[in-house]
Amino acid sequence: MPSVMEKSHGSSAVISRNRAKSDSLGNSEEESSEDEAPRDSMIRVGSDYQAQIPECKPDNTSPSGNVELKGMLVWSPSQFVSDAKLNEYITMAKEKHGYNVEQSLGMLLWHKHDVERSLADLANFTPFPEEWSVEDKVLFEQAFSFHGKSFQRIQQMLPEKLIPSLVKYYYSWKKTRSRTSVMDRQARRLQAKREEGMEEVEDQIKMSDNETDVTETKKEAPVPQKVVSGAVSGKTGPVRKEPLISQYRHHPLRSRQRPPKGIHLNKSDVSAVCASSEMPAIALCQLETQLISLKRQVQNIKQMNSSLKESLEGGISEMRPPELNIKLNARWTTDEQLLAVQAVRKYGKDFQAISEVLGNKTPSQVKTFFISYRRRFNLEEVLQEWEAEQEPSPPPASTDMSNKTSGSSQTPNEEDDEVQITSVSSSSQPAPPAAAAAASLSLPPPLLRPAIPCAPTLHRQPPPLQPGRLLQPRPPPLVRPAPRQSPRAPPALVGSHAESTFS
């Protein structure tokens with residue numbers, strides 16, 4: 001028991017000590033707060049409580065973070081530099097050195113509007129590249145679509161850009177937004193016109209529906225009976241109708257009913273329709289018949305197009321001409337020889353064209369034919385005729401004179417070489433007229449020999465491979481003209497025709 005009492009007495013002593021310490025601490029805090037309270041509330045007056053202000057130094061610029069925001073003069077126009085010279089300087093600085101307009105003008109202002117010095121100094125500096133990259137521009141557009149003109153929020157998406165640069169780029173970007181191509185403008189106009197036309201049609205449909213509803217209600221409503229009594233209306237005599245309040249009171253132009261898009265009213269047509277009560281029905285019948293005929297034409301054209309498309313689906317292999325397997329042959333048949341002579345008469349020495357006409361001969365084979373058969377088919381004269389056709393034809397008077405001179409200049413050697421069959425006086429032969437001479441000198445059709453002039457029946461015509469001359473008419477072959485100096489007795493083959501010439 002005494003031990004327990006001692007323990008309890010010791011514990012109570014400890015508790016009392018702790019309580020005493022806490023009371024002493026609380027009292028000290030209260031005293032300190034009471035001491036501080038009068039100190040805070042006192043008025044501080046005197047030199048001890050005043051701030052020491054340094055002297056003003058206007059020349060020294062205080063370092064601050066807003067130095068970049070200060071403006072700097074970039075360009076000031078001067079009367080010593082003309083506009084043409086200034087434009088030339090700007091283009092040269094842009095093309096050669098890559099300066100923009102602002103940088104080039106700043107350089108010119110730095111050199112006090114001396115163009116030559118500024119041009120010489122442009123190569124010593126490298127201009128800043130474009131500050132706004134493609135990514136920056138895209139980010140700016142997105143930020144502007146989100147935040148509008150709140151440039152502080154836009155700067156949060158573009159932290160490396162200053163607000164003045166954002167504002168500057170905004171105004172330059174705003175100008176480019178209004179630039180649209182001509183095609184876009186035209187598309188917008190057409191879209192607006194279509195929308196207006198659709199709105200007009202819808203308004204007319206609504207108006208027509210309203211009119212039909214009004215007519216139906218009028219038909220359904222019973223006809224009121226006339227009641228003659230003073231209690232119905234307080235006024236006697238004609239009653240003035242109250243004007244209906246228009247739906248488009250503020251817009252009187254909209255109250256006008258316009259025809260649908262594409263329909264225009266013509267005064268003559270309206271007067272013709274209003275002439276009689278049957279004219280509208282007749283006009284509608286005519287328009288319906290025209291519409292039916294046009295629909296038939298459209299249907300026929302569609303059927304034709306569908307049939308043509310079906311025929312094209314199979315391809316065009318059936319329409320192609322069959323390929324001829326022509327084999328080259330070195331042998332010349334009679335028909336090929338005659339065709340080659342006519343081709344020489346048509347194309348001259350164009351062996352490629354002649355080979356294409358023949359089909360189974362090469363140009364080299366045609367050339368060898370021309371060389372080997374030159375004398376047999378008289379190809380030199382045929383070639384001369386072709387050359388004469390290529391040259392411009394002389395006038396008819398000169399051709400007549402050449403015919404006379406050629407007829408008189410025949411040599412006796414040519415007369416001796418020919419074989420005499422009959423003698424015919426030159427006076428008995430009638431002179432050909434000018435029209436016949438012109439017809440004989442006309443150009444022949446392609447691949448055909450020229451027409452032979454009319455001659456007596458006893459005279460033989462030359463073979464088809466030896467065409468007659470065009471420029472110098474000569475007597476037919478194997479016929480010799482009779483000599484004029486010593487006329488001889490006619491042979492028995494001529495008969496009475498020769499006797500009449502010498503009588």
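Any Cβ shown, glycine's included, is placed from N, Cα and C.
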*Between 32-56, 57-81, 182-206, which stretch does Swiss-Prot give the note coiled coil?*
182-206
_Counting by DSSP secondary structure, give me helix, strand and coil numbers for the domain 'SANT 2' (327-378)._
32 helix, 0 strand, 20 coil
*For the domain 'ELM2' (41-126), would you mind checking the mean pLDDT of the predicted model?*
82
